[in-house]
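Undergrad: Take a look at the following structure, please.
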Number of protein chains: 2
Amino acid sequence: MNPKSFSFKLHSVDPSGARRGTMQTPHGKIETPIFMPVGTAAAMKALTVQQLKDTKTQIVLSNAYHLNNQPGADMVEKFGGLHKFMGWDGPMLTDSGGYQVFSLPGKVIDDDGVTFKYAKGGKSTRLSPEISIDIQNRLGADIIMAFDECVEFPATYEYTKRSLKVTSEWARRCKAAHKREDQALFGISQGGLYKDLREEGLKPLIDLDLPGYAVGGLSVGEGLDNMKMALDFTTHMMPVNKPRYLMGIGTPEDILEAVERGIDMMDCVMPTKYARSATLFTNVGKLRLTNREFRNDKFQLDTGCSCYTCENFTRAYLHHLYTSNEILGAILGSIHNVSFYIELMTRSRKAIEEKRFSSFKQDFLALYNRKVKSKKPKKKR
Amino acid sequence: MNPKSFSFKLHSVDPSGARRGTMQTPHGKIETPIFMPVGTAAAMKALTVQQLKDTKTQIVLSNAYHLNNQPGADMVEKFGGLHKFMGWDGPMLTDSGGYQVFSLPGKVIDDDGVTFKYAKGGKSTRLSPEISIDIQNRLGADIIMAFDECVEFPATYEYTKRSLKVTSEWARRCKAAHKREDQALFGISQGGLYKDLREEGLKPLIDLDLPGYAVGGLSVGEGLDNMKMALDFTTHMMPVNKPRYLMGIGTPEDILEAVERGIDMMDCVMPTKYARSATLFTNVGKLRLTNREFRNDKFQLDTGCSCYTCENFTRAYLHHLYTSNEILGAILGSIHNVSFYIELMTRSRKAIEEKRFSSFKQDFLALYNRKVKSKKPKKKR
């Protein structure tokens, strides 16, 4: 079932391979490439919807695995769906729970699905393609994901090959089970770091003619070079006129490398998670705000950033908040980190439009990595 | 030293004794009676300054004891004072640290001051009237408090009487040490629950002609009836044309009883502290949002409340946030609880202006306490 109200238009491709497009969803337009902040349990950690809107976030990600456990998909459905429940009226995407379930110890996999106990609360549960899609239909996000087997890293060629059959059969069943024309079901490519398996896995997914495709099974510990290698051969096999989503990525470096390889969408808990532990992203690299060097620092966190945090507070104040364990530290840090990621994508889109993405990436990374490099000599003294 | 830029005008007194006034400070006007949310460590717990402004908070309280420990009064001064450091440009009040120091175990009191170790970090420190005023001068709040001995409850008549001498001598020394004409130094009445000691203690403070006076030594476990009794005789002894501040109060009931007894200002950590543990104030009483009864509750938290939380989210969503330990629960709860307290004062001021404060108080409390009463029969079944 192809959704009525979902479309993707590819505007241009930069010489590097980076793509500039627009997605249309029932809850609004998304300019790509885009980073999607993660609000796992129908809540962005430490941010209100208003604050999230102020960061210019276009689309929010949530998770079927967590929401089915608490408060339950039925409950969310009764409240008019995820958008109404959490008060976010923009585009939304839910993950299928595949990644979460396959990360659990003690899961039992059969051809039909997976039986497992929830890490939180211990409730015994079953997920299958049909159940995951039913949950996601009830949650009502604009984009929903196929229930796949996310293969761990490292995995043997043989295991990865066998698992592809499960993933493609499950993708077929997901499409068959999907009931809502206002939701776009994306397929997920697996195949690990094996080029021929990525090709073998993508073929049946492409045959399903889904409205978008994700690259799964990366960001599982394989490292940046392996990720780049896998993307180098995988994105070329993906349909040109459909959005490409790299799941669970990542650092600012990861994101720029992925965009250069033709990825349109990414998500990660990193900006909010790091913000809660006082690590904040800036154009001159990551700063750990609890460090004593910031105690007297009168500068704004990130020169040139115009987020609420940077416009109103000094690094010294943020240092004070983090070292005093004030919740406000996590709030102001999350506002900045999410804004930083969103702004990175805004700048990326502009660079693609102006056909200068590679030089933008190089310039960004030169500045971003400078601080780390300049610190090394100090340690040797 | 009387401040140049501080004034208080009493507009009217309701038949009940409740007062309606306006305070002028260097950072703006304050309509009284007023509740002051507490941002102990130069930060409102779980709220940004922007969110605090949205609650219509007029004045914020901070604390010399905590700020002198971290980040240090010198640091705050270097950053242009507390207003600039924390980004709050409205009126502000700092407490002297007296209450905190006298609550510490292992403190050593002499005529000149108190030696103690900070509960956080264990730094050995000394506070005296001169040191506390110096700290508060550096912090730069619009209203600062005398350094007094806050007598514990219960305390004997003899101990309370002896301690009054310390408090009045220290008030004199505070006034002598105070160096900034743009800050109003308030005196603090002690004397426990003893009418003659309250009178004896107030006299030398009134002779100092300070711009405002606080009632200290209440909200230390004496209970509502004792507090009402003490206020009944204390406020009548206080200057009519100067603001009266009841320190550390309290519940909505406490606040209305205090206002009726001629109190103009109050502060308490209760709205933000309770919000972090899922207890939210509403016009029908306190609700504990983790309770299962709210799991499916489609109503807004408090009918008629127009705060961001009430306008946008259901009780079921708040229940979900609190039971999922999402920081957003504390944030949305704090927005509501502070808004609730601020709105209670707005309605109180209107009732005073219309000379109907007692009936307003009765109506409010009848509704506020109804829920608790209606629950009792259920328990008996």
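From the backbone N, Cα and C atoms, a Cβ is placed for every residue, glycine too.
Okay, so TrEMBL annotates it like this:
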type: ACT_SITE; residues: A:Asp95; note: active site, proton acceptor
type: ACT_SITE; residues: A:Asp267; note: active site, nucleophile
type: BINDING; residues: A:Asp95, A:Ser96, A:Gly97, A:Gly98, A:Tyr99, A:Asp148, A:Gln190, A:Gly217; note: substrate binding site
type: BINDING; residues: A:Cys305, A:Cys307, A:Cys310, A:His336; note: Zn(2+) binding site
type: DOMAIN; residues: A:16-368; note: domain 'tRNA-guanine(15) transglycosylase-like'
type: REGION; residues: A:1-30; note: region 'Disordered'
type: REGION; residues: A:248-254; note: region 'RNA binding'
type: REGION; residues: A:272-276; note: region 'RNA binding'
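Are these features on the surface or tucked inside, and what touches them?
TA: Here the Cβ of A:Asp95 (active site, proton acceptor) has 29 other Cβ atoms within 10 Å, regardless of which shown protein chain they belong to.
With a 10 A radius on its CB, A:Asp267 (active site, nucleophile) counts 23 other CB atoms from all the protein chains.
According to DSSP, A:Asp95 (active site, proton acceptor) sits within a strand segment.
Cβ neighbours of A:Cys305 (Zn(2+) binding site) (same chain, under 8 Å, six or more residues apart in sequence): A:Thr282, A:Asn283, A:His336, A:Ser339, A:Phe340, A:Glu343.
Summarising model confidence by region, the domain 'tRNA-guanine(15) transglycosylase-like' (A:16-368) averages a pLDDT of 96.
With DSSP classes pooled into helix, strand and coil, the tally for the region 'Disordered' (A:1-30) is 0 helix, 17 strand, 13 coil.
Mapped onto DSSP helix, strand and coil, the region 'RNA binding' (A:248-254) counts 3 helix, 0 strand, 4 coil.
Below 8 angstroms of C-beta separation, residues 37-38, 44-47, 286, 330, 333-334, 336-338 of the same chain, each at least six residues beyond the ends of the region 'RNA binding' (A:272-276), sit close to that stretch.
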Undergrad: Whole-number Å distance between the CA of A:Cys307 (Zn(2+) binding site) and the CA of A:Asp95 (active site, proton acceptor)?
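TA: If we compare the Cα positions of A:Cys307 (Zn(2+) binding site) and A:Asp95 (active site, proton acceptor), the gap is 28 Å.
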Undergrad: Please report the distance from the Cα of A:Ser96 (substrate binding site) to the Cα of A:Asp267 (active site, nucleophile), rounded to the nearest angstrom.
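TA: The Cα atom of A:Ser96 (substrate binding site) is 14 Å away from the Cα atom of A:Asp267 (active site, nucleophile).
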Undergrad: Taking 8 Å from the centroid of the Cβ atoms of A:Cys305, A:Cys307, A:Cys310, A:His336 as the cut-off, which other residues in that chain fall inside it around the Zn(2+) site?
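TA: Close Cβ neighbours, site residues excluded: A:Gln300, A:Leu301, A:Asp302, A:Ser306, A:Tyr308, A:Thr309, A:Glu311, A:Ile335, A:Ser339, A:Phe340.
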Undergrad: So which of the binding-site residues is most packed in, judged by how many other Cβ atoms lie within 10 Å of its Cβ, out of A:Gly97, A:Gly98, A:Gly217?
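TA: Highest number of other Cβ atoms within 10 Å: A:Gly217.
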Undergrad: Could you give me the DSSP helix, strand and coil counts for the region 'RNA binding' (A:272-276)?
TA: 5 helix, 0 strand, 0 coil
Undergrad: Roughly how many Å lie between the Cα atoms of A:Gly98 (substrate binding site) and A:Asp267 (active site, nucleophile), rounded to a whole value?
TA: 15
Undergrad: Give me the count of other Cβ atoms within 10 A of the Cβ belonging to A:Cys310 (Zn(2+) binding site).
TA: 24
Undergrad: Counting across all protein chains shown, how many other Cβ atoms sit within 10 Å of the Cβ of A:Cys307 (Zn(2+) binding site)?
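TA: Within a 10 Å radius of the Cβ of A:Cys307 (Zn(2+) binding site) lie 23 other Cβ atoms.
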